[in-house]
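K.L.:
Please see the structure below; I have some questions.
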Amino acid sequence: MEVLMAERADLVFHNKVIDGTAIKRLISRLIDHFGMAYTSHILDQLKTLGFQQATATSISLGIDDLLTIPSKGWLVQDAEQQSLILEKHHHYGNVHAVEKLRQSIEIWYATSEYLRQEMNPNFRMTDPFNPVHIMSFSGARGNASQVHQLVGMRGLMSDPQGQMIDLPIQSNLREGLSLTEYIISCYGARKGVVDTAVRTSDAGYLTRRLVEVVQHIVVRRTDCGTIRGILVSPGNRMIPERIFIQTLIGRVLADDIYMGPRCIGVRNQDIGIGLINRFITFQTQPISIRTPFTCRSTSWICRLCYGRSPTHGDLVELGEAVGIIAGQSIGEPGTQLTLRTFHTGGVFTGGTAEHIRAPSNGKIKFNEDLVHPTRTRHGHPAFLCYIDLYVTIESEDIIHNVTIPPKSLLLVQNDQYVESEQVIAEIRAGTYTLNLKERVRKHIYSDSEGEMHWSTDVYHAPEFTYSNVHLLPKTSHLWILSGGSCGCSLVPFSLYKDQDQINVHSLCVERRYISSLSVNNDKVGQKFYGPDLSGKNENGIPDYSELNPILCTGQSNLTYPAIFHGNSDLLAKRRRNGFIIQFESLQEREKELRPPSGISIEIPINGIFRRNSILAFFDDPQYRRNSSGITKYGTIGVHSILKKEDLIEYRGVKDFKPKYQMQMKVDRFFFIPEEVHILPESSSIMVRNNSIIGVATRLTLSIRSRVGGLVRVEKKKKRIELKIFSGDIHFPGEMDKISRHNGILIPPERVKKNSKKSKKSKNWIYVQWITPTKKKYFVFVRPVIIYELADGINLVKLFPQDLLQERDNLELRVANYILYGNGKPIRGISGTSIQLVRTCLLLNWDRDKKSSSIEDARASFVEVSTNGLVRNFLRIDLGKSDTAYIRKRKDPSGSGLIFNNESDRTNINPFFSIYSKTRVPQSPSQNQGTIRTLLNRNKERQSLIILSASNCLQIDLFNDVKDYNVIKESSKKDPLISIRNSLGPLGAAPQIVNFYSFYYLITHNPISLTKYLQLDNLKQIFQVLKYYLMDENGGILNSDPCINIVFNTFNLNWHFLHDNYHNNYCEETPTRISLGQFFFENVCIAKNRPHLKSGQIIIVQVDSLVIRSAKPYLATSGATVHRHYGEILYEGDTLVTFIYEKSRSGDITQGLPKVEQVLEVRSIDSISMSLEKRIEGWNERITRILGIPWGFLIGAELTIVQSRISLVNKIQKVYRSQGVEIHNRHIEIIVRQITSKVLVSEDGMSNVFSPGELIGLLRAERTGRALEEAICYRAVLLGITKASLNTQSFISEASFQETARVLAKAALRGRIDWLRGLKENVVLGGMIPVGTGFRELAHRSRQHNNIPLETPPKKIFEGEMRDILFHHKELFDFFISTNLHDTSEQEFLGFNDS
């Protein structure tokens, strides 16, 4: 090489491998030393040598050259181990999905990065002349990332949306990919191909816009005479030396530089490498340099402000088109880099945080008051410190002090023992970097179907008050309680209600019909009554033919009923214990329009019937009236059926048990209609008392009468009662004969003879004596409606006789009750009908036996669901009433869950027992729960949760563990097994004494109560039933394991405790097991036996627990929950949405949009937003400090200078992160163009510019000086597109965008284009004013320079201006130190303006 270059003795011989960067540096040194012509000869020789060597050795690539890194195996294994632990934590609910994702990215990113760093040393040691190594290291072909994929591992890939796929590709291309890895790679490759195409065009367009903005900027003068400069401090530690050198080299000094008394640099001297080295060694004062920002010319630039030309080492020539060079040098790396990066195929890059490690082993100590507990980004517990925290680590011989910067996370606890090099703190990365964070939504989908449960309060998000989007206020768990759902679409409303029980054998097993089952297998006092559903015997729908329809009355039959709730509006508060069976009356009487009627079945809230209780009632439509009136019973003096205090309130039926007295039978009653209007006192009445009116007479201003007849007006307290009686008037003959007929009913044959009309009346009449005045009197005869009452029908032996039953059956009697007392006026509310008679079904039993031990019956509704068809049955059990009922307190809030820890008490509804003084030391609490239909937004399909006893693992006390599925075959022979698992009634225990049951044989272990509950030393043998607690909207269905109809998705785990119940808990964890409590996986409930699945305790027995499987999902505060509490989720439904920040991936492709956003000043971007805000802030503050005229001037000046520096630094950062070096002055020329305009504000009135007009800053300053008055303006940031459309040349604007609009506007305004730029001249075919074409322009302008300009006489303003603007280092330094300290970039500190 030495020989080839030149035969010179003084050249130094270098023997080392050089890459592209080193060659660049070499060439620039050669140009400095030898000049251009000589250097090109040297380079030609170098090229020849290179080609010769390459062809001689035939550098090529073989597959054997790809050497895998030896340490890869154990690194990958280690990462997999960490991922496995992470997966476990996520499964236990300690870490949520976003934290898991972040952590797994960091685990694999760190592994991948480590392998990448190992790569070069590995090649260098094992095979330095490996062709792969040579090519990638020299940068000739491929980069480190690609080689890393060939011999390291591909790592994490992005999907087309730019999201990370959390399955890393562990293989490299040398080993070959597995099928899954190949498919994931294809994602990345496709993203690469698409992005390359899109981004190349983006980069091209960016270049076009950049050139458009600055095409007219040409070097036209040698010196503009400015004294301003920008300070760069060599002693600033924040700026790396490389960037410092790059900033200064080729610039021109704006001021002399002194080193003590000695001047080491003169003004207008260009800075070479020698001068820079002197600056660095001497650490001089800040150096003031000239930049394009400080140039005073408006539409061009001078040589000294631009500095050296990048092509050769001298000052730039006059006439050089530096604007176009600047635009292209910024745009070009974009195109190049898009093409280059993307051959790595969408490999994901993340960032890792900086760590502080312990210097030695020892105990760590710090002040706990200064830290706050928090969670790290990965879900680990940590402490956050807000100020500098001093941490001491005491080892045996030495004490180390470590300072932890503010906003760091401390990962260890106080007094913890740490080992050397253990990570003790994490410095928050990215507080000052440009890596823009973007907010990403991550949806979490549920893995299983089930019921939603929250363990904390949840806010309604304000914009969705009525929807099901909720915001979490604090970190908590969401639980999905497992359970299948069953939708029933045939019945219009779902019938599953509170306190439902379902019999085990009432569902058809293998498509058998249920009719035989329900009669023969029903050995308990379990009564079914149900209306008939005929037909549909195909498809295994049960046939109810043997259960004939009951409840026949004279007029109506129950046929094809539909069953409704008491309220059909599902969202209303439902009546809990009843529903109405609607039916149509068979003979619709003369097609009258009647409201639908139905049988209402009511069960008392505690579910207990005494004798002669009303089981159901039926409001017969024929006893229904729309008008007011009075009832009279058949004969005068008939005893009232009801005692007075037991009158039933008809509307809003409460829990009533009226004591009915059946002393006398009433076979008919009478109803005397009348029209009644109740009016306020103030109303003006248009009729007189005792006058006779016709139909539709106006009574008041707004009311007309519906019937004609006699008017009676009575004044009562604060109101007027207006009655209209219809009927005939009779004037009697003899007074004494009539008197006894006052207000009585007269049968058809006993009509008065001596009235004028002595006709025979065919109907009953009601006679009233009326005296309008003392002398006048007459008899008013009113028509009467008569109602016949049928006798009570006794439906004895209603239900089929049970074979094994020893007692009599229940019987039902029909009784008619008149709802209103004798002679009581009945007031109808307009539009509602009045029911006069209610037909009731009375429940009775054991009438023949004198001493029956059974005092009450327990009733509940039973639902049977087969093939989606739901039937409702009533089940009645007879029993003695000597058991203590556990009743629910009357609590409006509904039953909630009882939690163990205080913090989770969301909705607690305690239940109390009869033994109020009971102290329960550690016994399982037994609670009653409710069942409810779930409210779906879909009104057509109601869904409900079904609990089946399959998947129910039973661990018997005496036998070994049996899986329930194994027992299935033997269940027909041995009834005991089905008993232990058939789920008992909800809530209160039924009477077990007389419980002759095929299902519930008395096989529960008798327990002596004193052993566990101290019930005032009351010793009893108690049958323990399995108690259930469901949360608010649960639904339970007992069913057989063999049934396929019911979804068997309810996982129950039977968990047994040992006999010595108290000593059985883990010693460390004093768990108190309470019903409804949630357990995480592997929590220790009993000694030595951690529970294997997470879930909720729903049954507590003395020797066992049943746990309903549940899956916890952790959600941090700010997450949104998408479902209501208790709603049913299906697999794959959206459960939670997390919003988290992630740094955008570092690609130039992602970088290009960043550069574009900065240059276009787009508001979506945080950079320009902060700049805009900052500009406004400076404008206000400075104006406030300095007053108006100076404030605007200096404010705009300062603002513009500061924002320019900020923009330059931001753009440089993006390119530098990609390893692209662009000289600052190119970016400065562009930034100068987009910040050189100011907006005239409306504050000051000036005659020159209109408010809102955009003018150049220098023009504004000059006009202000010329006019000697202040022009108010403020700085604005224009984007490059806007700046291109706001130039001095309309031809250039028209050739860029919106041609017609620009030309039309220019024509209307009469704009003049001076053809100063390149584009205008190209469009018009003239000579462009650069290079040789510049000479003529220069020649012309010299002639103009000789004409002297007249200066205005007053120079005070100019002098003051100079004082402030040109000798204002102190002032500006003051401003920058006080007002501009919040600038976000590091380089500011060394790149401040003077």
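Placed from the backbone N, Cα and C atoms, the Cβ positions cover glycine too.
When I checked Swiss-Prot for this same protein, it listed these features:
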- Cys224, Cys295, Cys302, Cys305: Zn(2+) binding site (BINDING)
K.L.:
Quick one: give me the count of other CB atoms within 10 A of the CB of Cys224 (Zn(2+) binding site).
P.N.:
17
K.L.:
Which number gives the other C-beta atoms within 10 angstroms of the C-beta of Cys302 (Zn(2+) binding site), all protein chains shown included?
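P.N.:
Other Cβ atoms within 10 Å of Cys302 (Zn(2+) binding site): 22.
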K.L.:
Which residues, sitting 6 or more apart from Cys295 (Zn(2+) binding site) on the same chain, put a CB under 8 Å from its CB?
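P.N.:
In sequence order, the residues whose Cβ lies under 8 Å from that of Cys295 (Zn(2+) binding site) (at least 6 apart) are Cys224, Thr226, Ile301, Cys302, Cys305, Tyr306.
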K.L.:
For Cys305 (Zn(2+) binding site), which of the three DSSP-derived states applies: helix, strand, or coil?
P.N.:
helix
K.L.:
If you draw a 10 Å sphere on the Cβ of Cys305 (Zn(2+) binding site), how many other Cβ atoms land inside?
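P.N.:
The answer is 28 other Cβ atoms.
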K.L.:
Check Cys295 (Zn(2+) binding site) against DSSP and tell me helix, strand or coil, would you?
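P.N.:
It is coil.
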K.L.:
If you take the centroid of the Cβ atoms of Cys224, Cys295, Cys302, Cys305, the listed Zn(2+) site, which other residues of that chain have their Cβ within 8 Å of it?
P.N.:
Arg221, Asp223, Thr226, Arg290, Pro292, Thr294, Arg296, Ser297, Ile301, Arg303, Leu304, Tyr306
